[in-house]
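Here is the structure we will look at, set down as C-alpha cells.
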Amino acid sequence: MPNMMIDGLALIILGFTISFTFYVYTQYIPNFGISVLGLSENVAKTLMSWYAVFSLVSVFVTTILVTKIKPILLVIIYPLISLIFLVILVIKPSPLLAKITSAVIGFFAAGGVWQLGLAVLTQYFPTEKGRVTGYYSFAAALTYFVGPFVSSFIINDTATSVLKVFWLDIVFTAIGVFLAVFVEARNKKYHFFS
C-alpha cells in the first residue's frame, strides 16, 4: 500500500515542481530573450508563442500516449526532457535554441504532465481523491507565490540575474524528476501497481 507521508508527499511536491517549471519559464523567457540574447522586446515575446502552440499540441499527443505508456513514466520523461533543454539553453544560449526550448517546455512541461501527476496521485490514494487533489492543487497554486517571490530577490535587468532565475528553474525541475523516479522506484519495489 502506498504511504501518504512518503509517496503522497513526493507526488504533491512533484505537482509543485511541475508547475514551477512552466510558470517560471513563461514569466522570464521574454527577459531571457532581451537580457541574455539581446532580442528586441517584440521578438522576445514571440518565444511565448512557441510555448503556447506546443502546449496545445502536447495535450492531444499526450492523450494518445497515455493509453500506451504508464502515466508515471510520462511524468518522469516529460520533466526530464524539459530539464535537458533548460540546461542546454542556459549553457549555450542562442535565439534558435530559445525557440526550440520554448516549444519543448510548452510540450513537455505544460501540455498535461501536471494532470498526469494528479492522475498518479489519485491512483495511489483512490479513497482520498478529494483530499489529495486539494493538496496537489494547493502545491501548484503555491508556485504562483513562491516563483515570483524567490525570483524577485534574484532578477534585475542583467543577463546574469536572468540566468540565475533559469538555474533556479533547473533546480526545481531536477527535484521533480528525482521525485518522479523515486515514486516509480518505490512502486517497482513494493508492487503498488503493475
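Each Cβ is built from the backbone N, Cα and C atoms, and glycine gets one as well.
As the structure is a computational prediction, the values presented were derived from the model and not from experiment.
Here's what TrEMBL has on this protein:
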{"type": "DOMAIN", "residues": "1-188", "note": "domain 'Major facilitator superfamily (MFS) profile'"}
{"type": "TRANSMEM", "residues": "9-28", "note": "transmembrane segment"}
{"type": "TRANSMEM", "residues": "48-66", "note": "transmembrane segment"}
{"type": "TRANSMEM", "residues": "73-91", "note": "transmembrane segment"}
{"type": "TRANSMEM", "residues": "97-121", "note": "transmembrane segment"}
{"type": "TRANSMEM", "residues": "133-155", "note": "transmembrane segment"}
{"type": "TRANSMEM", "residues": "161-183", "note": "transmembrane segment"}
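Within the chain carrying the transmembrane segment (133-155), a Cβ under 8 angstroms from the stretch's Cβ atoms is held by residues 8, 11-13, 15-16, 18-20, 23-24, 27-28, 31, 114, 117-118, 121-122, 161-162, 164-165, 168, all 6 or more beyond its ends. The largest share of C-beta pairs under 8 angstroms with the transmembrane segment (48-66) comes from 97-121, of the ranges 9-28, 73-91, 97-121, 161-183. Residues 48, 51, 55, 75, 79, 82, 86, 102, 105-106, 109-110, 113-114, 117-118, 120-121, 124, 132, 135-137, 139-140, 142-144, 146-148, 151, 155, 162, 165-166, 168-169, 172-173, 175-176, 179-180, 182-183 of the same chain lie 6 or more positions beyond the ends of the transmembrane segment (9-28) yet place their CB under 8 Å from a CB of it. In the predicted model, residues of the domain 'Major facilitator superfamily (MFS) profile' (1-188) average a pLDDT of 97. Counting only same-chain residues 6+ beyond the ends of the transmembrane segment (97-121), those with a CB under 8 A from a CB of the stretch are 8, 11-12, 14-15, 18-19, 21-22, 25-26, 29, 32-33, 37, 47-48, 50-59, 61-63, 66, 71-72, 74-75, 77-79, 81-82, 85-86, 88-89, 132-133, 136, 140, 173, 180, 183.
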